[in-house]
Amino acid sequence: MTAKHPSIRATGRGDILLRIGRLLGDESGDRTRPVILAVVLVLAALGLIEVASASSVESVAAGRDPYDLPLKQGMWTAAGIAIMFGLARLRTRHVRWLAWPLLGAAVVALGLVFTPLGMTVNGNRNWLGFGGFTVQPSEFAKLALILWAAAVLSRKQALLHEWKHAVVPLLLPAGALIIGLVALGHDLGTAMIIMMILAATMFYGGVRMKVFGVAGIVCTVGSLILAATSGNRVSRISSWLGAGSADDSQGVGYQALHGQYALASGGWLGVGLGQSRQKWNWIPEAHNDFIFTILGEELGLAGTLLVLVLFTVLGIAVFKVIARTQDTFARIVSSSVITWIIGQAVVNIAMVTGLLPVIGVPLPFISYGGSAMVSSMAGVGMILAVTRPQPVRTVRAKRQRAAVHSGRA
């Protein structure tokens, strides 16, 4: 009896992972990257199901087709997946080249929010309207800032011990400009997420802790000032500090309180898909920031744990491929993008479960919103692009060319 060649055994699940890897432009046989893709697709599918359920009642009450929002979300999800696959096939040098143009476009788009093209939604002026379509520039500014910061930090590695190179131009003027434009539109939640992203790029880029301390103090003081100067934010924080009090059950704490009711009524396995009671106008816009509570009500503790496990697996898989990446730019980009996605998920879940005040942050891949979905998918595409290992034959060819050139020299 003859033994089979190892390559013949690459069937079943392993063969599927290898085929997915090839779609991503990966010929190395790495099986971690397809896991990243699979987790993102499962989260997006789960989000589509819950958006369809959570938005149906509100759509009918507003005189719209009950499938209006899930169809739109499906369209943006499909666009996001296509963009993710397209970006995943880029080379690291191409991603690096995009850094400056994307940052410039993000700043211009954030500025246009304050022109007649801008729109105010729920008190936040952070949208642009184009003939029936709306875009939230701040969502794309997150990714643009990551790419640009990674390009700057990777180039300045030998100079980061000097304050002027650690602060300029990363914190001043670029970071301050983007955060300031978002905060000027009264979107403190997104501004705080961008602060977290900026801190992540600095940390992974190797900036000294002293700079972190100063930047942290400035950001904390700025956030407190913005919160204190807004009556609505003060009310939300006061409601959070006395969460669940009877005198606030019909005030600003209404949404948060009913979100907790939804989670509590879900039990172990939930009331069933589409059977949520709180979506019947008890939780305003349940398909947006509070979709995790509807998911918990319909799928129970099992459903919420599934979401937590998926985000955990996503984080572990990304850091696993980062550990095999030697390029500084690639490591900063990948680490910062996954910190943004996982960090924002943690903030959203903490917000709807009462651990944090309500600050209006969506749950990545699950909450309704085209800009958030496309930008998150694009972020994953960038991770897959910059961490793509080179095939052995490519590495060997480069070594042979280097040997030839050194011989000529």
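Cβ atoms are placed via backbone N, Cα and C, with glycine included.
Some features that TrEMBL has for this protein:
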type     : residues : note
TRANSMEM : 35-54    : transmembrane segment
TRANSMEM : 74-90    : transmembrane segment
TRANSMEM : 97-117   : transmembrane segment
TRANSMEM : 137-154  : transmembrane segment
TRANSMEM : 166-184  : transmembrane segment
TRANSMEM : 190-207  : transmembrane segment
TRANSMEM : 212-231  : transmembrane segment
TRANSMEM : 299-323  : transmembrane segment
TRANSMEM : 335-359  : transmembrane segment
TRANSMEM : 365-386  : transmembrane segment
Taking the transmembrane segment (97-117) as the reference, which of 35-54, 137-154, 166-184, 190-207, 365-386 gives the largest number of Cβ pairs under 8 angstroms?
137-154
Considering pairs 6 or more residues apart, do the transmembrane segment (74-90) and the transmembrane segment (365-386) have at least three CB pairs under 8 Å?
yes
Counting CB pairs under 8 Å, which listed stretch among 35-54, 299-323, 335-359, 365-386 touches the transmembrane segment (190-207) the most?
335-359
If contact means at least 3 Cβ pairs within less than 8 Å, sequence distance 6 or more, would you call the transmembrane segment (299-323) and the transmembrane segment (35-54) in contact?
yes
Take the transmembrane segment (335-359) and find every residue of the same chain, 6 or more past its ends, with a Cβ under 8 Å from one of its Cβ atoms.
142-143, 146, 149-150, 188-189, 192-193, 196-197, 200-201, 204, 236-237, 239-240, 243-244, 255-256, 259-260, 263, 289-290, 292-293, 308, 311, 314-315, 318-319, 322, 367, 376, 379-380, 382-383
At a C-beta cut-off of under 8 Å, are there same-chain residues at least 6 beyond the transmembrane segment (365-386) that contact it? List them, or none.
24, 33, 36-37, 40, 43-44, 46-47, 50-51, 54-55, 69, 72-73, 75-77, 79-81, 83-92, 94-95, 135-137, 139-140, 142-143, 146-147, 287-289, 291-292, 295, 307, 318, 321, 325, 327, 329-330, 333-334, 337-338, 340-341, 348
